[in-house]
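Student: The feature transmembrane segment is assigned by Swiss-Prot to 6-26, 43-63, 75-95, 107-127, 135-155, 181-201.
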Amino acid sequence: MHIMEGFLPVEHAIGWSVASAPVVAYGLYSINKKIKKNPEQRMLLGVAAAFTFVLSALKMPSVTGSCSHPTGTGLGAILFGPSAVAPIGAVVLLFQALLLAHGGLTTLGANIFSMAIVGPFAAAAVFRLARAARFPFGVGVFLAASLGDLLTYVTTACQLAFAFPDPVGGFTASLAKFAGVFALTQIPLAISEGLLTVVVMNALLRFNREELGSLNIEGNGQEVQA
């Protein structure tokens, strides 16, 4: 998903940065508000950030100019809401660009938009729909994390297709090519991420039940069954 340094045209890089900035700013406000109200949530916020950093650093080669990896943003979206994940993802992506050479500074806005905005908002929406449909809690967690991951890569494929449309088939043909290559690695990774998120949520429900109660997570103290 990390689009590498200098790969996008300048106007695209600027456009994605402008689109991402207000969401990240609102996310900072959201986090500050939540922490002021419940200071004990700092630990869970750190867990969500660490989960995102570790999973998204596990990359493998994929589409030219990008790579495949889990995103780890579904957990934070479920716990704190999608807007709070935007600044977390932004910091994670910035550190990875500077320290691990994953992604880049010029493509930071595009990477934030896909991994730290679209993915978390998709995960949160899927989780709410699953709970409204009375799916088991664990199924909701699994679907949220997995589909949030997949929609992150659909967004990246769209970004690349916009930047590099096919000479004959245009955007649609280019999107099909990018998405097809991503699918080979990302579908198994998304399933794995969903299962791992269920395991982590089980651990949080077991050892941090009190803190989770303040987040209005509807696990009701029960372990998640995937």
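Cβ coordinates come from backbone N, Cα and C, glycine included.
Mind running through what each feature is packed against?
Tutor: Within its own chain, the transmembrane segment (6-26) is flanked in space by residues 65-66, 83, 86-87, 90, 104, 106-110, 112-113, 116-117, 159, 162-163, which lie at least six positions past its ends and keep a Cβ under 8 Å from the stretch.
Note on the transmembrane segment (75-95): residues 2, 20, 23-24, 26-28, 30-31, 34, 41, 44-45, 47-49, 51-53, 56, 102-103, 108, 111-112, 115-117, 119-121, 123-124, 127, 141, 144-145, 148, 197, 200-201, 212, 215, 217 of its chain, located 6 or more positions outside it, place their CB under 8 angstroms from a CB of the stretch.
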